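Following: one structure in structure tokens, then a few remarks.
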Amino acid sequence: MSFAGEGFAPRRIILDERKLSTEYVPVKLQHRESQIEDSLRILKPVIKGEKYVVLSVIYDGPAGTGKTAVARKIGSFLASEARERKRIPPLVVSYVNAQEQRTRYQVLRKIGSDAGLTIPRRGFSADELASYIFDFLARNDYNLLVILDEADVLAREEDGNAILYTLLRLPELHGTRIGIGLVVIFRRFDESSLYIEDAVRSSLASTRLKFDPYTAAQLRDILWNRVLADKAIRETAVSDDVVDMIASAVGYDPSTGRGYGDARMALKILYFAALKAESEGREGILPADVREVISRGVLPAELDEEVFEKLDLHEKLILLAITRVLLLEPSRAYVSMGDVELEYEDLCGRYDEKPLRHTSVWERVQRLKKIGVIDARVESGETRGRTTQISFVGITRIPLNYLEGLLTKLIEREISSGRR
Ligand SMILES: Nc1ncnc2c1ncn2[C@@H]1O[C@H](COP(=O)(O)OP(=O)(O)OP(=O)(O)O)[C@@H](O)[C@H]1O
Ligand SMILES: [Mg+2]
């Protein structure tokens, strides 16, 4: 994607896109010192190599309060200390995300592969796999630290209790010579813990560390750190005004209970404001950029509402169908055209429109791809000697909820005006 006109490239404001992505762990995690210290203190025996012990700590706090970042920071710090054989004995650190690893088998497989084992997709039972991994770790004198992220999902999943049970109780029951540390991350522990069985909950009844929403002052530090310490954005492109505006728009106010206090949201606004400034060939971010990004619900500047208004009715319906299928499958970046077409036909039925045929739908998908609204890719496979093409579509840069609302509004407006 290019932000500048042809043949003209102004200095970029964004120095490293990666450092603004959610997976990136920043250099500094200001305002989370106590959570980091407490975690290390609680897990210390496991980190120091003590065996026959399971210790856990629960992180509890709303979206964007640094839970994943803190856990990953601790994990990567300990993993590198152990790898370089500095101060701490052998330790395997495994990051498990319950949105991605949904069954006990998948969780164990992830832990196994983080321990360097190659584990087939099937062939073992989950219990066999657990013993295999724990025995391997014990034989090699490893302890294990598992970060179990998005555990609200896990608690509600069929296998959830079994997963927790396996990690909390199994080594003890088998008398395996291993120490296990667990960081279990929740957005709403009070609600989610109701789904956890008593036997498991009592083993998990460990320390709960609260992650409160960030205040405006804290967000200001976090945003400036991303500029100055991580060098994600050119320092001269950012001003106090810009940072203050974002921080106060997102910051949590304990006295009124208002504000999201979500660092992810604050960073995203900064990112989109920087993109907007770049797209207009400017060297710095202006408060007007921030205002516009905030008022548009964090929508990238290149994709203005006008772009969507100009789509024809069936392009809008197809795009809405894609959006809805993606919303139903939050863990997936791409969904199949087959699913999208079914949803599209449903939508047509609802609005009393005759659906287009397959090839016409596909042409419109290509057009949406060309204008940069969606991402589409085709994979060819072979069935019985014939080439088949399976297509997938995704939307990467636009918040889906926003898009769903906007398209529904535009479609309804178009249909009602056409029929009047
Ligand atoms: N104290 C901090 N210092 C610097 N960056 C932070 C801090 N806290 C959070 N962030 C950044 O904010 C974003 C969101 O943080 P994180 O992913 O850790 O949130 P979370 O609490 O796990 O939220 P969720 O419940 O939605 O998963 C990340 O990009 C992270 O790097
Ligand atoms: Mg998280």
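Using the three backbone atoms N, Cα and C, a Cβ is placed for every residue, glycine included.
Any TrEMBL annotation is an automated prediction that lacks curation.
Feature annotation from TrEMBL assigns ATP binding site to T65, G66, K67, T68, A69, Y214, R226. Counting every protein chain shown, the number of other Cβ atoms lying within 10 Å of the Cβ of T65 (ATP binding site) is 27.
Taken from TrEMBL, the feature domain 'Cdc6 C-terminal' covers 319-403. Here the domain 'Cdc6 C-terminal' (319-403) returns a mean pLDDT of 80 for the predicted model.
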Please list, in sequence order, the residues in the chain of K67 (ATP binding site) that are at least six apart in sequence and whose C-beta is under 8 Å away from its C-beta.
Y59, G61, D149, I185, F211
Of T65, K67, T68, A69, the binding-site residues listed, which put a C-beta under 6 Å from ligand 2? Please answer none if none do.
K67, T68
Give me the long-range Cβ neighbours of A69 (ATP binding site): same chain, 6+ apart, Cβ under 8 Å, in sequence order.
V25, P26, L29, R32
